[in-house]
Amino acid sequence: MARSTLSKPLKNKVNPRGPLIPLILLMLRGVSTASPGSSPHQVYNITWEVTNGDRETVWATSGNHPLWTWWPDLTPDLCMLAHHGPSYWGLEYQSPFSSPPGPPCCSGGSSPGCSRDCEEPLTSLTPRCNTAWNRLKLDQTTHKSNEGFYVCPGPHRPRESKSCGGPDSFYCAYWGCETTGRAYWKPSSSWDFITVNNNLTSDQAVQVCKDNKWCNPLVIRFTDAGRRVTSWTTGHYWGLRLYVSGQDPGLTFGIRLRYQNLGPRVPIGPNPVLADQQPLSKPKPVKSPSVTKPPSGTPLSPTQLPPAGTENRLLNLVDGAYQALNLTSPDKTQECWLCLVAGPPYYEGVAVLGTYSNHTSAPANCSVASQHKLTLSEVTGQGLCIGAVPKTHQALCNTTQTSSRGSYYLVAPTGTMWACSTGLTPCISTTILNLTTDYCVLVELWPRVTYHSPSYVYGLFERSNRHKREPVSLTLALLLGGLTMGGIAAGIGTGTTALMATQQFQQLQAAVQDDLREVEKSISNLEKSLTSLSEVVLQNRRGLDLLFLKEGGLCAALKEECCFYADHTGLVRDSMAKLRERLNQRQKLFESTQGWFEGLFNRSPWFTTLISTIMGPLIVLLMILLFGPCILNRLVQFVKDRISVVQALVLTQQYHQLKPIEYEP
């Protein structure tokens, strides 16, 4: 049926051969995020999937990125979305990821092996996907200026758009429901999650169609609204309809996100609180180096050593600390005591300057899963900072850099890590830094090993009544801090520049990394043990209540008060929230009872500083104005009196007293 191309037809897009059945979709839209203890910079294997109307995956793309930072262009073919779709597409029996059906079409007439002439025009037939000729005509239809396609959102649309229908009408029951597509009126929306358009021009798709391939690729791009949504793991769905004469054919498709950990940790065996509790291994005798070379052509396969026990790991930390200290300061290791601190914090960080490496793809060490966030409670020095560093931590920054735009991975140099507000990590994602208020400082990790002189240790064993002063404990971070990066430039000429290549320093770094991994495992084991213990206790409680059911339960039989298990983590969290609420209420009550003059000082901190600054000069000026005239008058009167006295003295000096004349009788 002919129609004008200058206006949209006001037609009902519901299938006239079947009534519109109301469909109520109950969807649980949860926010899918990583585990609460994971770092936001952790890299996952992310897969974006495009599904057909039966929720089958027909196209997918994968990559290694942090969650909610990778928004690629999705390029499925239009005919891929029609697999197991309505019969007029011709692919109702076609399985996903199968080859395009039908023989190719030929130019200049039919020939053996060809279905029909590619140049044969499309008459009254609806574009289909079952042959190369049909796919070519479908491409021509979607690229025409007066035809094309439009897309309508599914259940995630606003409530006022409920009249747009369900999957039976491809969510496009009436005009105005479309939010994107390729049509002459250019449908658009400010709230929908995606935009859809053709990925190839018509000229490019012609040859692809003639070669009997999928030749109607789409390009689906995420909008700003879609990038803010974190419920992609449950999937979102749309309907697509062709804008042609008569009834517009259509289909439904969806987009969902799947992610998995690149390095899952699967526990095998028992679940002790402290993992790998093994006795201390006996020291092996030192072997002299052999000059015998292995035969050429036979590579030596490295043997994987079993994981070290707790005692071995602690001893390796002290041994590595001694080797590093002996290499840099041999005079301090002539006679000394190195003590490993048994209480937290077990590690301290030293901020350093260094040159990190920039990667466009996630390196292997960025994909290591971390079930818990490890934080540093003590960081000293000044080093390299990245991100929006708050004023409370700017003292740790010698140089502050802003994160570059784009998706990059900043890997810390060897022997260092990034201490971020979200925890320790070997590499950081610039996308996460740009999306959040996270900041990171480049630090060296040093175990809490204290250095004591022999006099201090001997004094502990001496029985003396004298009270000695508290000794100053030097930690390994104070003695060797900044040696990985900053100490290299400072150690030129002293031999410390070669420390990075020595086996001693590598031994210390390896011991630190092993111990950090075991600390994380211990935290996980403690968490699992507490959960298991609570389950056992609650199960035993239920069993005892059933046994003493006739007596009224366990508490009635024991004649004691009933005790219940409480998750103190949640209680503490709720208590802190209530405490903050009460403090806010008291603060508001206190402010409401204050006068305007008192409140002026509280609301304007700068006003208090201004008053305290100018109050002194103002008081002095006021005193001068009040008592200045009186003091000035007194001073003038005093000067006048002194001048009068001086004038009198001058006048008296010009005259002398005459002697009296005596007359003789």
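Even glycines carry a Cβ here, placed using N, Cα and C.
The coiled coil annotation in Swiss-Prot covers 500-537. Summarising the annotation, Swiss-Prot assigns disulfide bond to Cys79-Cys129, Cys105-Cys118, Cys106-Cys114, Cys152-Cys172, Cys164-Cys177, Cys209-Cys215, Cys336-Cys339, Cys366-Cys420, Cys385-Cys397, Cys427-Cys440, Cys555-Cys562. As annotated by Swiss-Prot, N-linked glycosylation site applies to Asn45, Asn199, Asn326, Asn358, Asn365, Asn398, Asn434. Residues annotated as region 'Disordered' in Swiss-Prot: 268-309. Among the features that Swiss-Prot reports, region 'Immunosuppression' is placed at 538-554, with the record citing similarity to another entry. Under the heading topological domain 'Extracellular', Swiss-Prot lists 34-610, citing sequence analysis as support. Taken from Swiss-Prot, the feature topological domain 'Cytoplasmic' applies to 632-665, supported by sequence analysis. Swiss-Prot lists 611-631 with the feature transmembrane segment.
Neighbour density for Cys440 (disulfide bond): within 10 A of its CB lie 27 other CB atoms from the protein chains shown. Residue density at Cys427 (disulfide bond): 25 other Cβ atoms are found within 10 A of its Cβ, drawing on all protein chains shown. Over the topological domain 'Extracellular' (34-610) the predicted model carries a mean pLDDT of 74.
Each residue of the region 'Immunosuppression' (538-554) gets a DSSP state, and the totals for helix, strand and coil are 11 helix, 0 strand, 6 coil.
Shown are the disulfide-bonded residues Cys209, Cys336, Cys366, Cys562; of these, the residue with the fewest other Cβ atoms within 10 Å is Cys562. Here the CA atom of Asn326 (N-linked glycosylation site) lies 15 Å from the CA atom of Cys339 (disulfide bond). Cys129 (disulfide bond) carries neither a helix nor a strand DSSP state and counts as coil. Its Cβ placed at the centre, Cys420 (disulfide bond) has 23 other Cβ atoms within 10 Å. In this structure, the CA atom of Asn358 (N-linked glycosylation site) is 60 Å away from the CA atom of Cys562 (disulfide bond). Of the recorded residues, Cys177 (disulfide bond) and Cys79 (disulfide bond) place their C-alpha atoms 23 Å from one another.
If you draw a 10 Å sphere around the CB of Cys164 (disulfide bond), it holds 23 other CB atoms from the protein chains shown.
When the disulfide-bonded residues Cys105, Cys106, Cys152, Cys172, Cys177 are compared by the number of other CB atoms within 10 angstroms of each CB, Cys106 has the fewest. Annotated pair Cys152 (disulfide bond) and Cys397 (disulfide bond), C-alpha to C-alpha distance, rounded: 51 Å. Cys385 (disulfide bond) sits 50 Å from Cys215 (disulfide bond), taking the C-alpha atoms as the reference points. Most Cβ neighbours within 10 Å among the disulfide-bonded residues Cys118, Cys129: this distinction goes to Cys129. Of the recorded residues, Cys336 (disulfide bond) and Cys209 (disulfide bond) place their C-alpha atoms 81 Å from one another. According to DSSP, Cys336 (disulfide bond) sits in a coil region rather than a helix or strand.
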